[in-house]
Amino acid sequence: MSSIVDVIAREILDSRGNPTVEADVLLESGVMGRAAVPSGASTGTREAIELRDGDASRYLGKGVMQAVENVNTEISEAIIGLDAQEQAFIDQTMIDLDGTDNKSRLGANAILAVSMAVAKAAAEESGLPLYRYFGGMSPMQMPVPMMNIINGGEHANNSLDIQEFMVMPVGAANIREAIRCGAEIFHALKKLLNKKGHSTAVGDEGGFAPNLGSHAEALQIIMEAIEIAGYVPGQDVLLALDCAASEFYKDGKYKLAGEGLELTSAQFVDYLANLADQFPIVSIEDGMSEADWDGWKLLTDRLGDKVQIVGDDIFVTNTKIFKEGIKKGIGNSILIKINQIGTLSETFAAVEMAKRAGYTAVISHRSGETEDSTIADIAVGLNAGQIKTGSLSRSDRIAKYNQLIRIEEDLGDTASYPGRETFYNLR
């Protein structure tokens, strides 16, 4: 009864008003799975390729009707009749059908929409919540959230070069209290920014985007907001950064235009180490450019014992690239973005590789999101331990937090919240 009988895709809009792909997978039993794919702003050069139409007369060339057509024709024909429970086989069927290394023929956005919808349909058919379908009956751990409350870089039109300034409520007793903590800090920060005469406009991921003089000033304001909200920085709440350093790495230098700095790899490592000395920073994502593997090694050697060094653009959720990074001692954590690789099976393989290598895994959204909350179920089902899904505003971000609250309620007393223990590989 779990045979696929129909696959339908459509063009919908993401949180930035850009087109994306949504797919429905219908099973013989009558159940349906529906999924929509996200899209990134700062992207790794080796990510799987999302297919855009390039027709300037529609959506400024960003339409996805060709990807939709690929789902409704080639992909549909290839997987109708297959058992939705056979996720890996279906994913491999689509990979083989595409025939490229980066899913550029059919589009990673087309393939991923179907991959996710198949899983949702199979879970529904099994009578299991999605997180249980992913993780089985083993004990479930709720993820510690990375909450992006100040935006810079490609996510905001301001003077900050570092892309995300985040809080992590490690002192909370459960995910519900962690989300409350983040929300209270978010509102305290809004009042504080207003008081200081800064803009409270928000960026793509719902964080504030004030024009501040330096990254240290942004971190200091967050520290103040944490205290105003009634929490203790460094105890209840830790800080995290996503530098997205590839975006300001030019001609072999890290060019921090907002601070008028042009730094070598070693100097930028010193810069980040200085911030980590001044503030309770527990995680730095993409601290170096994806093109600067030597810089990554410097950063890992300098801070990797006490700070989570997360690879996003450098690893792009790709096990072949990630395996190379592990061998070279690059980072100690991987960011997991489902649309970077384009199928759930490959995503899950990257998480498993991280666990075997002693790396942490952070399940992540993209800056262009939808109401789809699949990543919340992935974070819990795979016991990833961490999730990064934006700020405490914009319903595309809140959808994931609300799903985590529902999952924790469903799990009851069996749900654990790791807090600081999520950083098991730090000293």
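Every residue gets a Cβ built from N, Cα and C, even glycine.
What Swiss-Prot annotates here:
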type     : residues                               : note
BINDING  : Gln163, Lys337, Arg366, Ser367, Lys388 : (2R)-2-phosphoglycerate binding site
ACT_SITE : Glu205                                 : active site, proton donor
BINDING  : Asp242, Glu285, Asp312                 : Mg(2+) binding site
ACT_SITE : Lys337                                 : active site, proton acceptor
Between the residue listed as 'active site, proton donor' and Lys337 ((2R)-2-phosphoglycerate binding site): CA-CA distance (Å): 15
Glu285 (Mg(2+) binding site): secondary structure state under DSSP, collapsed to three categories: strand
Distance, Asp312 (Mg(2+) binding site) to Lys388 ((2R)-2-phosphoglycerate binding site) (CA atoms, angstrom): 12
Cα-nearest neighbour of Glu285 (Mg(2+) binding site) within the listed recorded positions, Gln163, Glu205, Arg366, Ser367: Gln163
By Cα-Cα distance, the member of recorded positions Glu205, Asp242, Asp312 nearest Ser367 ((2R)-2-phosphoglycerate binding site): Glu205
Nearest-integer angstrom distance between the alpha carbons (Cα) of Arg366 ((2R)-2-phosphoglycerate binding site) and Asp242 (Mg(2+) binding site): 13
Gln163 ((2R)-2-phosphoglycerate binding site) in three-state DSSP notation: coil
Spatial separation of Gln163 ((2R)-2-phosphoglycerate binding site) from Asp312 (Mg(2+) binding site) - C-alpha basis, Å: 13
Neighbour count (Cβ, 10 Å) for Lys388 ((2R)-2-phosphoglycerate binding site): 30
